[in-house]
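According to TrEMBL, the (6S)-NADPHX binding site annotation covers 60-64, 123-129, Asp152, Ala250, Gly304, His348, Asp428. For Asn61, Asp119, Ser155, the entry in TrEMBL reads K(+) binding site. What TrEMBL lists as AMP binding site is Lys385, Gly386, Ser387, Thr388, Thr389, Gly427. If you look up TrEMBL, you'll see 10-209 marked as domain 'YjeF N-terminal'. The domain 'YjeF C-terminal' feature in TrEMBL is assigned to 215-484.
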Amino acid sequence: MRTAYRIETVRAAEAALMAKLPPGALMDRAAAGLAAACAGLLGRGRVSGARIVVLAGSGDNGGDALYAGVRLARRGAGVTVVRLGSRVHEAGLAALLRAGGRVADDPYAALARADLVLDGITGIGGHGGLRPEAVPLVRAARESGAVLVAVDLPSGVAADTGEVAGEAVRADATVTFGAYKPGLLVDPAREYAGAVRLVGIGLELPGEPDLEALQHADVAGLLPAPAAESDKYGRGVVGVVAGSKRYPGAAVLAVAGALRGGAGAVRYVGPARDEVLARFPETLVHEGPPGEAGRVQAWVIGPGLGDTPGLDEVLAAEVPVLVDADGLGLLDPEAVRSRPAPTVLTPHAGEAAQLLGTSRERVEAGRLAAVRELAARFGATVLLKGSTTLVAAPPPGPGAGGDGPASGGAVRVNPTGTPWLATAGSGDVLSGLTGSLLAAGLAPRDAASAGAYLHGLAARRAARGAPVAALDVADALPAAWRDVAGTEPGD
Ligand SMILES: NC(=O)C1=CN([C@@H]2O[C@H](COP(=O)(O)OP(=O)(O)OC[C@H]3O[C@@H](n4cnc5c(N)ncnc54)[C@H](O)[C@@H]3O)[C@@H](O)[C@H]2O)[C@@H](O)CC1
Ligand SMILES: Nc1ncnc2c1ncn2[C@@H]1O[C@H](COP(=O)(O)OP(=O)(O)O)[C@@H](O)[C@H]1O
Ligand SMILES: [K+]
């Protein structure tokens, strides 16, 4: 599990640790890790003679960068400091000057010649994005061809939310201290961070993070496996209400996902029975209303459904329900909140915007806030799809499903996937898959995060650098499942 903590928590852990250590010890640890990472990026034997520029802001983030500069200067690098703001970390600057570093006469000339630039403008103390005077320097650093290394965070991004107001440093790599910050894992900020390396500085952090990303072994521990005596009903039946005369394909895709999600049987309800059966003869089909379809342990409703017949009936069922696509358009928060069984909503940013009464752009700029807000408003587990897929469980309530702690618990960020997934119908596969995991007995937050994980992995396998169609993703799900399930704990 990869975990991330917000600024307040990191600062509290830092304060507790600093109280036990001599002054400067933590910054020294951070600078040592940073310098080692820079040496690695420059390459073996390339530190001596390397031209390094430190962009130093006024806080401790600049201090880290300056002390890393000291270590690199002692190994023979030529280190030049560009001061931003009225003051810099004076002890750090003095140490760097003693080690042979100097303050740049012409910052742009220094940047143009640099092999590596350290962005020490702001870290977790930054607010309000890059200031105007920093913008041209950051652009010059980006255009210079030097390796651009962000210290703790790319300056200009919001550590807690992943939001980026205006310009920010686009780093090749970020060396972060003590803990990942949410912004390093959530777009748009994630994209600015480049390759992220965590340097341990000995922080003791709380057991419950603000954000977590499952890894193979975590997902392996969640996936259902049939016992020797399981029958198909024991493994769970997932009901899929999807498709319409206009969009029969959505039904086929949702069923394709559902058949690969671990349920023992898939029941399809809707007008696309012929299309579904032609492709998947193993599907149980039903043409009447969902309530008469027979036993079902979890419902998926919405993909390609048009005007959503059956939504009220499905929501009335006392089993988990996943609502996607067209089903989301008519959703009444109170109807969802008052359900005794869990509900999972799987909007993309546009659908989330509609549900929240805001714009798509605002959802994409502030995904974490949007997913938390939706989970609270609907009392549902929400899987917000997109370039960073997030899963938030609701705060406790009738529909919470009992798997989230008091606050709703950590938001999960999905680490798999590929931009090739942005293809029509791939969301239908995901809703079928996730519904199937729900029917197999996974708790809502686990079903949603394991579903997103497998879906993203399958897409990567299917794509391997080329376009994929949604059905290719569904076809790659068993291989993705095997990759994950074959993982030993700790892998
Ligand atoms: N507290 C600790 O024990 C440790 C802190 N460390 C470093 O310290 C950093 C936090 O240091 P600080 O709290 O001093 O904060 P920062 O260095 O992140 O930034 C605060 C300073 O930047 C200025 N500032 C704020 N927003 C700005 C903006 N948009 N543009 C330009 N300047 C801006 C503020 O006036 C303040 O002087 C961490 O990110 C990390 O790099 C590490 O050394 C590890 C240990
Ligand atoms: N830029 C992106 N990078 C990675 N994955 C993406 C990106 N954009 C969309 N996706 C993923 O693609 C899928 C698209 O689903 P959705 O928007 O519901 O499309 P559809 O309704 O056509 O099925 C989701 O799993 C989503 O997370
Ligand atoms: K920085």
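Cβ coordinates come from backbone N, Cα and C, glycine included.
The two recorded residues, Ser387 (AMP binding site) and His348 ((6S)-NADPHX binding site), show a Cα separation of 10 Å. Only His348, from the binding-site residues Asp60, Asn61, Asp119, Ile124, Asp152, His348, place their Cα within 10 Å of the Cα belonging to Lys385 (AMP binding site). Note: the CA-CA distance between Asp60 ((6S)-NADPHX binding site) and Gly427 (AMP binding site) rounds to 44 Å. Fewest other C-beta atoms within 10 angstroms, among the binding-site residues Asn61, Ser155, Ser387, Thr388, are seen around Ser387. Excluding the listed site residues Asn61, Asp119, Ser155, the same chain places Leu55, Gly57, Gly62, Ala65, Gly120, Ile121, Thr122, Gly123, Gly126, Ala150, Val151, Asp152, Leu153, Pro154, Val169 with Cβ atoms within 8 Å of the centre of the K(+) site Cβ atoms. Between the CA atoms of Gly63 ((6S)-NADPHX binding site) and Thr389 (AMP binding site) there is a gap of 35 Å, rounded to the nearest whole number. Ranking the binding-site residues Asp60, Asp119, Asp152 by how many Cβ atoms sit within 10 Å of each one's Cβ puts Asp119 at the top.
The binding-site residues near ligand 2, defined by a Cβ under 6 Å from one of its atoms, are Thr389, chosen from Asn61, Asp119, Asp152, Thr388, Thr389. Between the CA atoms of Asp119 (K(+) binding site) and Gly427 (AMP binding site) there is a gap of 38 Å, rounded to the nearest whole number. Cβ-based crowding with a 10 Å cutoff singles out Lys385 as the top-ranked of the binding-site residues His127, His348, Lys385. Around Gly427 (AMP binding site), the same-chain residues six or more apart in sequence whose CB sits under 8 Å from its CB are Pro303, Asp324, Ala325, Thr346, His348, Lys385, listed in sequence order.
Among the binding-site residues Asn61, Ser155, Gly386, Thr388, Thr389, the ones whose Cα sits within 10 Å of the Cα of His127 ((6S)-NADPHX binding site) are Ser155. With a cut-off of 6 Å between Cβ and the nearest atom of ligand 3, the binding-site residues Asp60, Asn61, Asp119, Ser155, Gly427 reduce to Asn61, Asp119, Ser155. Checking the binding-site residues Ser155, Gly386, Ser387, Thr388, Thr389, Gly427 against ligand 1 with a 6 Å cutoff on the Cβ atom leaves no residue at all.
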